[in-house]
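As structure tokens, the structure follows; a few thoughts come after it.
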Amino acid sequence: MRVRQLKDLLAGRLMIAFAIFSSLLVFLIAIALYWRSKPILEAKSLSDLLLGSTWLPFQGEFGFYPFILGTLYVTILAMIFAVPLSILSAIYLAEYAHENLREKVLPLIDLLAGIPPVVYGVFGVLAIVPLVEYIAPVIGKLGIPFLRAESYSTGFSLLAGGIVLAIMVFPIIISISHEVFRAVPSEIRDASLSLGATKWQTIKHAVIRTALPGIAAAIILGFSRAFGETMAVLMVVGNVPSVPKSVFDPAYPMPALIANNYGEMMSIPLYDSALLLAALILMLVILLFTLAARLVLIRIERSMAHG
Amino acid sequence: MENLSLKNHISIQDLNAFYSGHHALRDITVEIPQKQITAIIGPSGCGKSTFLKCFNRLIDLTDGARASGKIIVGGIDVLDGSIDITDVRRRMGLLPQKPNPLPMSIYDNVTYGPRIHGIKDKKRLDGIVEKYLKIAGLWDEVKDRLKSPASKLSIGQQQRLCLARGLAVEPEIILCDEPTSALDPLSAQHIEQQLLKLKNDYTIVIVTHNIHQAMRLADYVVHLYLGELVEYGPASEVFKNPKEERTRAYINGTFLADLKTDAEINLKGNVCPYNFMYAKQALHDLSNGKLLKVVVDYPTAVTEVPRGMEADGHKVLSVKQINKTDWEIVIQK
Ligand SMILES: Nc1ncnc2c1ncn2[C@@H]1O[C@H](COP(=O)(O)OP(=O)(O)OP(=O)(O)O)[C@@H](O)[C@H]1O
Ligand SMILES: [Mg+2]
């Protein structure tokens, strides 16, 4: 009896300790990153670091601007492709598809989320990059801003990164927004339909409206996934540290910067500190977005539970 | 039928409804008269809601559900797959059991239907909002906050808003599925009064659990039992003089509590098994065949007291919830 109780007590304590440890880990990492990036923050002003465009570590120039823009552009591009497509897919699955189809497609989509990023990277290099190389001269001639091809595009570009990232965030946005649509009470649909609205009017004016906060959360989660994604993007985006002027230009997002350079040429002063600052910025942005999305989702769950 | 000049508005022929295998409505043929209130009564699960959902074909939304037969409204068969169902639905307002305001303002809720059907003129929409909120008896309470979210209204007000919203698309028929069961007594009374007024202009079909409500409102009564039509006729005849034994039993079942009982004990505040023992004692003092009314508020007692009494050889005539906490059990020795 005594031993059993002791075990019970120990197990409880141990689990609490692990739980606390894993949540502390986030703070530990943040503090460590801050501590290691302190030298560069002391040597340079934050605005110089964030808005400087020259990246010449040998000469002590650490301008993050091209990397920040590269990350933003590639993420935004990915969202431009992913959001409409995944929301429409989620609407189709939740509102139109027959149960049979839904039950077959959803697991497949979840499977998509489980494929390792490097596989997406290979797929990007083999399929997307040549495609972009092929279409760049055609679309580039049209002279649309951001879609110009000034010089020859190898295909390793913002666009390739955006497409590969879009494919990677599809599953997240689809499966969360599908859940959100399913959670919209059927009374809302009844109300709209019984007034003579068509199915599409009902979805457009009543269902989406009810689901809006949840869709926002799904998009934010997709965004933070895209923002931090490293491997797949690194393989297709070209990695040239300059501000891209067109989607056919190469870019150099921050995760790629860190992954490509950390551990090499560490003898350069402040180099290591600069890379860890990039990591800190990435982490904080993603943390913020994820937190915001979770809060929205929790609020939705509560309001659904309370009727 | 007492009034032969009465026109029928909805004509239901051989209606059958299925939920993936479960046969929820069987061969129902009945006529719903125009500009009258027709009450659909029957025990829980007998298919009342399903019946209404066939009228506006909201049953289509349930996966695996299917309805066959004919429901003819103004020469059109609602169940015919090729008709424009949105037009049919527009002609039938729906007042649900639980108010279902759309996630938008009071104003936008009322104008939702008209806007869907293409009315854009602001002045006209304003007029519609005022007109139908007045008909629903809500205008005075909300006229200063039309732009605030509908969810901020009380449940009773939300239900009147739903009524106004339904009327704003100018239907001919109003379908109500237990429209007052989620409301407090005062709000319920309010809705009943609106319905009585509305019957001058609309054909009303109301599903209700509450026989008293059916008696107060209905001109015609349809009694369903286990998916079958048991009895149909003018309310006065059905209530005073039901032709069918099952209707008599159903009406009596809900009325027994109002019958003169010979003794009454209040066991509120008592838990099991004490309430059971007190009830037994009280029965002991009565002679055979007499009726005892027991009032309990302990949740377990609602099932356990009747069970115990039946085990003792007495007859439980009715178990009825009389308010939020209290239940009334009528036992015959
Ligand atoms: N979506 C559904 N899927 C399967 N069966 C259903 C569904 N909805 C209702 N049923 C079944 O059909 C029958 C009739 O249900 P219905 O909701 O019409 O009853 P009701 O008379 O409205 O009951 P209540 O008075 O409790 O509202 C019940 O046996 C019920 O279990
Ligand atoms: Mg019902």
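Each residue, glycine too, has its Cβ placed from N, Cα and C.
Just so you know, TrEMBL annotations never went through curation; they're auto-generated.
Taken from TrEMBL, the feature domain 'ABC transmembrane type-1' covers A:68-292. The annotation transmembrane segment is assigned in TrEMBL to A:12-35, A:64-93, A:105-132, A:152-174, A:206-227, A:274-297.
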What stretch, picked from A:12-35, A:105-132, A:152-174, A:206-227, A:274-297, has the most CB pairs under 8 A with the transmembrane segment (A:64-93)?
A:152-174
Give residue numbers and ranges for long-range contacts of the transmembrane segment (A:206-227): same chain, 6 or more residues beyond its ends, CB-CB under 8 A.
71, 74-75, 78-79, 82-83, 86-87, 91, 95, 165-166, 168-169, 172-173, 176-177, 179-181, 183-185, 188-189, 191-192, 197, 282, 285-286, 289-290, 292-294, 296-297, 299-300
Positions whose Cβ lies under 8 angstroms from the transmembrane segment (A:12-35), at least six residues beyond its ends
276-277, 279-280, 283-284, 287
